[in-house]
């Protein structure tokens, strides 16, 4: 009988030794790997987001704030959790008030970090509803972050103080921790785990439904790629939230009878479960920003720009130059230059000018009317806009567009009446203009794509050279005809007449 008891004792001691070794290894990894991954990763994310062109957008502000609170949580909560795991008991403070303050700060940071994830997903949802964007003009992203911090800190403080006052009378205990499965534990679980998860799940379901209804999921365009990225963010962020937040929550709401705290084995098992849940919790602070930054194309470009010079051998040859060339022409990039913007504007203007043939045609008198792209030549649109009221065919002066100019002399004494015509000899402007409009219905401009009669009637054309005469059947007024005859001269570049 004694030998059987000794066997059970040896088995229990070996199990306790095994659990202690697992706890030691876990705490070593907990204290080294998590800060080594979390602090540099969050810092680089904040730096790259600050370099991007859309650094002042609502989503970027929320993600940067999330990274900052991740680092604060690692700095404040990590030593406390490691010390608690090392002592396999509550961390001992000299005064209970210090312990209460530490507990309040850590719980508030966890709640703020959790609700930041809800804000980021809610911001993505609001972008699909333009009517709700007006709220940004009243409450900006920074003000929203301040309000969330105040709400989380206030609710956690009320819960802790009420819990310590009504549900844990032994306030003088140095540990100052509430027992598990108390009302405080359930309320705390509701604040920083249950309610955020319900909000996050609701937002993601609505996002999934909206993007699915757009019916371009299976296309090969950039919009479909963006939707696939959004689906990936929805799935990964939800799974990551459940994996990191719920283990700690369930540990606090487990019934007290789940572990045998009267034995050393039960206490060791309880501390092992606690250490695993805390490792998952702080691993979320180390990795939650990845789903909201690294899955974005602009963030990856800026990350490549930052990392490639440090390790050029890891990047394929020519890949960096191609990515940077694309980012310089991307309006969302910080390196979108003014030169590229001007070139894009010029290309758009030239394409619009080609679509409107008439207003892109400039005529210049040089013995024969031919097409020229000179900027100083007189266009058809300028000719009709500069016509004087009540004087058909008479152009306004370059110096006094608002007044009539019936005649004048240039510095060399030559006539300075500006007319539109077809030759250097005398011409009847009234009949010439009529013939000009009649011929426009029978001719097609150079570069026209259509030659149908309906298209011809809507187009202007280059008039024929040679003398133009009025209708012989129509009686003429000799006085009027002589007054309307003149030499036609259209200036080109201010020198040729």
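All residue numbers here begin at 1 and follow the chain in the order shown.
Even glycines carry a Cβ here, placed using N, Cα and C.
What TrEMBL says about a protein is an automatic prediction, not a curated fact.
Remember, it's a predicted structure, so these values are computed and weren't measured experimentally.
Marked as transmembrane segment by TrEMBL: 26-49 (among others).
Here TrEMBL flags 61-82 (among others) as transmembrane segment. A Cβ distance under 8 Å defines the sequence-distant neighbours of the transmembrane segment (61-82), meaning residues of its chain 6+ beyond its ends; these are 27, 30-31, 34-35, 38-39, 42-43, 45-46, 49-50, 91, 102, 105-106, 109-110, 112-113, 116-117, 119-120, 123, 141-142, 145, 278, 282, 285-286, 288-289, 292-293.
Among the features that TrEMBL reports, transmembrane segment is placed at 102-123 (among others).
The annotation transmembrane segment is assigned in TrEMBL to 144-168 (among others).
Sequence-distant contacts of the transmembrane segment (183-210) (same chain, six or more residues past either end, CB-CB distance under 8 Å): 107, 110-111, 114-115, 117-118, 121-122, 124-125, 128, 152, 155-156, 159-160, 162-163, 167-168, 230-231, 234, 237-238, 241-242, 245-246, 248-249, 252-253. Among the features that TrEMBL reports, transmembrane segment is placed at 183-210 (among others).
As annotated by TrEMBL, transmembrane segment applies to 230-253 (among others). Outside the transmembrane segment (230-253) by six or more residues, the chain places 114, 117, 121, 124, 180-181, 185-186, 188-189, 192-194, 196-197, 200-201, 204, 207-208, 211, 273-274, 276-278, 280-281, 283-284, 287-288, 291-292, 295 with a CB less than 8 A from a CB of the stretch.
According to TrEMBL, the feature transmembrane segment maps to 273-295 (among others). Using a Cβ-Cβ cut-off under 8 Å and counting only residues 6 or more beyond its ends in the same chain, the transmembrane segment (273-295) has close neighbours at 23, 26-27, 29-30, 34, 37-38, 41-42, 45, 48-49, 59, 63, 66-67, 70, 73-74, 77-78, 81, 84-85, 110, 113, 117, 120, 229, 232-233, 236-237, 240-241, 243-245, 247-248, 250-251, 259, 303.
According to TrEMBL, the region 'Disordered' annotation covers 330-353 (among others).
Per TrEMBL, compositional bias 'Basic and acidic residues' is recorded for 332-344 (among others).
The region 'Disordered' annotation in TrEMBL covers 385-497 (among others).
Look at TrEMBL and you will find 403-412 (among others) tagged as compositional bias 'Low complexity'.
Summarising the annotation, TrEMBL assigns compositional bias 'Basic and acidic residues' to 430-441 (among others).
According to TrEMBL, the compositional bias 'Low complexity' annotation covers 448-461 (among others).
The annotation compositional bias 'Polar residues' is assigned in TrEMBL to 462-472 (among others).
Residues annotated as compositional bias 'Basic and acidic residues' in TrEMBL: 473-483 (among others).
The compositional bias 'Polar residues' annotation in TrEMBL covers 484-497 (among others).
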Cβ-Cβ under 8 Å with the transmembrane segment (102-123): same-chain residues at least 6 beyond its ends: 58-59, 62-63, 65-66, 69-70, 72-73, 76-77, 80, 91, 93, 144-145, 148-149, 152-153, 155-157, 160, 176-177, 188, 191-193, 196, 199-200, 203-204, 207, 237, 241, 245, 281, 285, 288, 292
Beyond the flanks of the transmembrane segment (26-49) by at least 6 residues, Cβ under 8 Å: 55, 60, 63-64, 67-68, 70-71, 74, 78, 81-82, 85-86, 272, 275-276, 278-279, 282-283, 285-287, 289-290, 293, 299, 302-303, 306
